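As structure tokens, the structure follows; a few thoughts come after it.
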2 protein chains.
Amino acid sequence: MKTHTLLMPLDMHLHLRDGVMLENVAPLSAYSFSGGLVMPNLVPPVDSLESLKAYKERIMATIPNDFFEPYMTLFYKNYDRKFLTGIAEHITAIKLYPAGITTNSEGGVSSFDIEEMRETLEAMSDLGIPLCVHGETDGFVMDREAEFMSVYELLAKNFPNLKIIMEHITTKAAVDMLDKYKNLYATITVHHLLLTLDDVIGGMMMPHNFCKPIAKRPEDLDALLSVALEAHPKVMFGSDSAPHSREKKESAGCAAGIFTAPIALQLLCEIFEQYNKLENLQAFVSDNAQNIYGICPEFKEVILEKRPFLVPKDYNGVVPMYSDKIINWAIQSIE
Amino acid sequence: MKTHTLLMPLDMHLHLRDGVMLENVAPLSAYSFSGGLVMPNLVPPVDSLESLKAYKERIMATIPNDFFEPYMTLFYKNYDRKFLTGIAEHITAIKLYPAGITTNSEGGVSSFDIEEMRETLEAMSDLGIPLCVHGETDGFVMDREAEFMSVYELLAKNFPNLKIIMEHITTKAAVDMLDKYKNLYATITVHHLLLTLDDVIGGMMMPHNFCKPIAKRPEDLDALLSVALEAHPKVMFGSDSAPHSREKKESAGCAAGIFTAPIALQLLCEIFEQYNKLENLQAFVSDNAQNIYGICPEFKEVILEKRPFLVPKDYNGVVPMYSDKIINWAIQSIE
């Protein structure tokens, strides 16, 4: 049987939520990943050392039996240098949301005034704290990410030593930015390597393929695949796995978010094998992130095998992508 | 109180379905419209004189107390001249669906081979039977209508005396075709004068705004408004009102279709008043269709008044557009 081994897989964009949902989903990520960059968009957002530490403790309490490092992030606000100096050792990155752009982002940035942000971003630059960005404007849904490129350019030019990560990119426009500024990086989800808008609304309307940013055009999918499959050194895997209850997904006014954490590695094997690029998956799913973030995850070896795997209908009421469908790779063992 | 009077309003693209759904929705159209062009995409499709007559009888049986003319259409196939000659007096148009493109269109046209279609389309041209077309390719969802323009051009050039109606147009590309070929006409829905893709998936995912063809970009909406508000003489109102049960709309894998029949005239008043074009609504909603199709509907006078109107949550389990929302015009009286 064909197998493929991944060492220390990392999910560099992960929503673990809180409370019962946290208890449900965190063990699923901890099972197959060495670590994950945990998003701070709780209600209220994670914006202090106290709430950060408490959230990390709540995460760790859900995974007593696995090695898993929750790389913590802070919700971006215009913090001062003293605060950032004190919190730097406890965080891996700061996550910036434009206000109101996605789930629980109401307290985000409402205008990109460089002078208002300068103290924070210069301090982050000096302290080596990367800035992760949800890069969408409030424009027309298919244009939001492309329109945001001017903000990335503004940030990249003004803070040349700040590592800026374009999160969950979905467009050729974002891919084209990677080689334009040395301090721009990107995460790519597994679902954006599989879907276009056709899979959301091209046939029936499919709530479990509905996420922000929305899956875009075929030429965008091709651009994402090109850099992911080559494991472009500035690109990392980040699932943006975003669990919601079945009720919230399968009703009128469905919430945005695709739940992929428990099947992400299997799907990545399937995609990379399909394009004969399995040899690049290790870099995409771990090595690049280690280099970009300067992190050293604990040892974990995940062996996947090529065999039909029936994706569960749901995980305690959370419906995953490809629910009840057969995919072609499965996890064989984890050490 | 501000009022507006419409004479003999016509809905030139209407899905009445069959069975219990027909009994539910036909009276709602018959209440406020003088007539409607009834789509033939039943299962099986309406493709014979017998099934056409039987369907018309079933429709009439649901509306014993209203004056309402169901203008009947036949499901396009490559019929021969003899058949068409025999059925011509019973139909108002023939509706062409590309195979599999929307609800119950499986038996439609799978390739646009002009020579294969020539006998049928020449006979229709000679007999004065208009061809109504669902103009979408099977391409990427946002491009399907624009890609279909080459088929419209092919048809318009090869059959210059055939009236071709581009149904439920949604793009600037289709609007631009109207003045390019003298035998091309169009219907426009009320929802495509209100929605863009932002209203479908830009915030939460909204199944009751989900239809085929999907609502497009802001510049497309502007183009549609420009010809509708001016009541361009080649443009008619056709609701494409497409009822599905609440269960089919509010579950994973939601069916395409927006139910607008009972609120269409009210919404049209609101839109046309908003742009100070109420004086053109009569042409858009009746006169143009009378001229294009050469039909003379029975007298009906609908007086609408400007007052808040709470749209019902549903009509016997069928959820309308703007369900449970207040709109600004209501029907005052009908004679």
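Just so you know, glycine gets a Cβ as well, placed from its N, Cα and C.
Automatic prediction, not curation, is the source of TrEMBL annotations.
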Identity of the substrate-site residue among B:Asn41, B:Asn276, B:Asn280 (reference: B:His15, B:Leu16, B:Arg17, B:His134, B:His244, B:Ala256, source: TrEMBL): B:Asn41
Candidate sharing the Zn(2+) 1 site with B:His13, B:His15, B:Asp240 (per TrEMBL), from B:Lys95, B:Lys163, B:Lys313: B:Lys95
Distance from B:Asp240 (active site) back to B:Leu16 (substrate binding site), taken between C-alpha atoms, in Å: 10
Short-range binding-site residues relative to chain A, from B:Leu16, B:Arg17, B:His168, B:His244, B:Ala256, with Cβ separation under 8 Å: B:Ala256
Residue pair B:His168 (Zn(2+) 2 binding site), B:Ala256 (substrate binding site) - Cα distance, angstrom, rounded: 14
Between B:His15 (Zn(2+) 1 binding site) and B:Asn41 (substrate binding site): CA-CA distance (Å): 8
Rounded to the nearest Å - Cα separation of B:Asp240 (active site) and B:His13 (Zn(2+) 1 binding site): 5
Neighbour-count leader, CB within 10 A, binding-site residues: B:Leu16, B:Ala256: B:Leu16
Among B:His13, B:His15, B:Lys95, which are recorded as binding-site residues, the nearest neighbour of B:His134 (substrate binding site) by Cα: B:Lys95
Other same-chain residues whose Cβ falls within 8 Å of the Cβ centroid of B:Lys95, B:His134, B:His168, the recorded Zn(2+) 2 site, in sequence order: B:His13, B:Met39, B:Leu96, B:Tyr97, B:Thr102, B:Cys132, B:Val133, B:Gly135, B:Glu167, B:Asp240
